[in-house]
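To keep things clear, I will list the structure first and then write my remarks on it.
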Amino acid sequence: MSDQFILTATLVILLGFFIWGKFRYDAISMGALVVLVILGVIPSADAFLGFAHPAVITVALVLIISQGLKNSGLTGLVGKLIGGEKFTELQFLISLLFIAAFLSSFINNIGALAILLPITINICNRMEWHSSKFLMPLSFACILGGMNTAIGTPPNIIISEYKASISSSGFNFFDFSYVGLFITILSLIFLCILGTKLIKLRDLKDNGSTLINLKGYLFEVCIGDSSELIGKTLSGFKKLAGEDIEIIGIVNERGAVSKVKNNTRIRSGQILVIKSPPDDIGVLLDRFNLTIPKELHSFDDDDLEEIEAMIAPGSRLIGRKYNFFLKLAYEELNLLGLWRKGAKYRTRLTRETFKSGDVLLLGIRDLDEEDVTNKIKHLGLMPLRQRELQTIPSRSRLLKGLIFFTVAICLVAFNALSTASAFLLCVLGFARIKIIDSNFYRDIDWPIVIMLAAMIPVGTALQTTGLTDVISSSISIFAGDLSQFWILFTILIVTMATTDIINNAATAVIMAPISAGIALELGYPVEPFLMVVAVGASCAFLTPIGHQCNTVVMGPGNYKFTDYWRLGLPLDLLIITVSIPMILFVWT
């Protein structure tokens, strides 16, 4: 078999696994890399060159800088800018979206969302606004802002470094702004005017103690010896407990959850797996003499405070189970319940595999706020109750942090230093003023870094095997009679469709050499062809799986999978309409 055939087959299988979503992106990418090395398509000496690639280093540094800015008190500053009773819903939406786009232009998308999500939920709760009106537009604004600079999103970093590899230089820091800023402003205006009208709103439970609508937490409850439920059927329990309680099953002798019939009778000591609103579980425990199993709940209720925290993309918990959580939590946090959008539970809480976007109901010992914040951060969780986890910002550290970051951007913008070198200096400055510490490795989203490092040799293999030339020549034959506009249109559509189902960075790695190859084959400049890939890779608006920001807001916004295209499709059409004329105007 030829190297081109092996590479093509591997890429098809790779995309299939990405779409399936059963395994992590980094594991799939590393698997593909190993296969290609074993089969000789990629030389073994080149297998790990991706880890030294400037794009990978830059992505890691941007993630550290994003966390450093959060630690400096940027969250509190942003909260003051948009958090107040002086705003109407529309005014709040406008300020929220433009601040989100600005932040995500300079820190990574998910970092901007992590700053703004708890603030938004808290304000919506205080003002009694429907949070669903704001969270999907917020996610889209964070994605859009990434288009504006060379570091705003991984695809831009990849595109710039790829251009540097095939020409004398990459794109400058603000080269993406000419097209990206225009698209971002028009898109934000669209979101402010029509966004809330296209979002399907669902009823939220009116309860001041909760910040989001989480009615379906997974709980385990043990039947006490004196419980009035003993001898009653499960259907009888449902009638007594109310319509909000759903019985998933009973833990059997093997520790698995068995499906049960309504006429099954309850016995003392049994463990039931139920779904319940978090505010009802305490009443349920007291009323029916139930307890949370000791393996989950290791200290007394009067020592307990509760908090809701979401598993953020890149969390160490993703793909792991309760035992790993317990190892990291050191019994200072108890896992009381788990909420997952659209899930059908068939296992015990201790056997559930954590996923990005899961919300955990945690019991906390009598820790001070700093200890809680550090513990939540250590686990890679995003707290959803901002008032309980706010740290007191230092104006001096915030100012120094912003100065270091601004200087780094200026060094890159004026080509005084490479992006990686300037941002490394920024990170060292952050360490000097102690807004990052020795635990900064936890702030790096390692799955995206590893995936990029694995995919870059695969992308290089597209060129070294000649597969890029074959694809480009084949497309050029069919597209030879088309104008440059329609060729760019086709590339944009393909890139948009791809980024909605696989990671945007992987999309950029695959599409950049193909698009540049088409340009060279047809005698066009490569800049517009690379820029259209950068725009398309940032347009993951149709599904909750296309971008991490969409995944994170799905639960708090009470969205369904199909809700995204209601707002995302018109937004995609708007971007298609305006982006290609702008790209041609600026880059040809």
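Glycine residues also receive a Cβ, built from the backbone N, Cα and C atoms like all the rest.
Annotation comment: TrEMBL describes 206-290 as domain 'RCK C-terminal'. Sequence annotations record features per position, and here TrEMBL assigns transmembrane segment to 5-21, 27-44, 90-117, 138-158, 178-199, 402-432, 444-462, 474-495, 501-522, 529-547, 567-587.
Taken residue by residue, the domain 'RCK C-terminal' (206-290) breaks down under DSSP into 19 helix, 24 strand, 42 coil. The transmembrane segment (529-547) makes contact with the transmembrane segment (474-495), as judged by at least three Cβ pairs under 8 Å among residues 6 or more apart in sequence. In terms of C-beta pairs under 8 Å, the stretch of 90-117, 138-158, 402-432, 444-462, 567-587 lying closest in packing to the transmembrane segment (178-199) is 567-587. Highest Cβ contact count with the transmembrane segment (501-522) among the listed stretches 90-117, 138-158, 402-432, 474-495 falls to 474-495 (criterion: pairs under 8 Å). Across 27-44, 90-117, 402-432, 444-462, 474-495, stretch 474-495 shows the highest tally of CB pairs under 8 A with the transmembrane segment (567-587). Of the recorded ranges 5-21, 27-44, 90-117, 402-432, the transmembrane segment (444-462) has the largest number of C-beta contacts under 8 angstroms with 27-44.
The domain 'RCK C-terminal' (206-290) scores a mean pLDDT of 79 in the predicted structure.
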